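J.: Handing you this structure, nothing more for now.
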């Protein structure tokens, strides 16, 4: 098969499965509204859970940082790209989350890839929740370790894998909040099984940090768990981008020596680190935002209970409505868009076959009447 035939076949398969992805150009898509051209939509697809991408203090911190440090870092942190705002942010994150060290990465994808590939060897094994994020599963697949997956949120399934012999080390991988279902992992049971087997636990809490736990410390704090490796991202509740890995001192030093995604990537702009410090302060003091978000979640779930679609068992800002059929899911999303509501249709391979859904995400930036409007239109198009 030629290169062109391979490309054509792949595109044809996505079209035939009603799974073809397209990007939409917009003029702003965070917080409450999404603007595209002259059309404005209520935005129920953003991960900006607390609306901090539009926060005046966060924006001002970025502007002031850019005036002081410029708009780029100029290189890898191992060369000239590690500045005072980076060091300050790392220390603030470590103090807040109760770890000796934090290391900044340009994205959560890069952080997960770096940790899994740098820490594991051929005689090690990675035991990952079956529905872990693509960045985790891809990194585990490409790592030298053996990958085995346990049934989603099933500690007993994990235990069966832990019972099997391994000549090297075991790293168990899961998420605090899963991005497509919005459900939470039973972290205490998972950590108990992992520790009893002498393994380490990595938790990716991209969707829990900032919105769950005391002062927004996330899923691990909420469940009383402290994994050996905690990955947090800044593209959700923080309203920006980037990520960090929280760990012990020797692990941080090891990653600085061996994590290629860290060593060979240009560091985030110092101005971004300044903005992240401002976002962190707002999150630490943000019980009002978390309470407001929880009110919107409760309001939506109460109103959506009567819909003919299955509502996912989620207590978080991610509220999936399961449809099943790809074409029907796309059609529903288009009807919502025609009514001024931006809701994303999620289809395989992002979710398992037959798992197509409307992935609704809520934000503290939403007003109560926004939720009422969403429910009104959903009831209209689903009945």
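Counting starts with 1 at the first residue shown.
Each residue, glycine too, has its Cβ placed from N, Cα and C.
Keep in mind that what you see is a predicted model, and the values were worked out from it rather than measured.
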J.: Among 80, 120, 194, 233, find me the residue Swiss-Prot lists at the same pyridoxal 5'-phosphate site as 108, 109, 179, 207.
T.: 233
J.: Can you name the recorded positions among 109, 207, 233, 236 whose CA is within 10 A of the CA of residue 133 (substrate binding site)?
T.: 109
J.: What whole-number Å value do you get for the CA-CA distance of residue 233 (pyridoxal 5'-phosphate binding site) and residue 350 (substrate binding site)?
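T.: Spelling it out, the Cα of residue 233 (pyridoxal 5'-phosphate binding site) and the Cα of residue 350 (substrate binding site) are 20 Å apart.
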J.: Taking the mean position of the Cβ atoms of 108, 109, 179, 207, 233 as the pyridoxal 5'-phosphate site, which residues outside that list, in the same chain, have a Cβ no more than 8 Å away, listed in sequence order?
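T.: Other same-chain residues near the pyridoxal 5'-phosphate site: 133, 135, 204, 206, 235, 236, 243.
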J.: Would you mind sorting out which of 21, 236, 350 (the recorded positions) have a C-alpha within 10 A of the one on residue 207 (pyridoxal 5'-phosphate binding site)?
T.: 236
J.: Residue 109 (pyridoxal 5'-phosphate binding site) to residue 21 (substrate binding site): how many Å between their Cα atoms?
T.: 20
J.: Output, ordered by sequence, the same-chain residues six or more apart from residue 350 (substrate binding site) with a CB under 8 Å from its CB, or 'none'.
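T.: Residues satisfying the criterion: 180.
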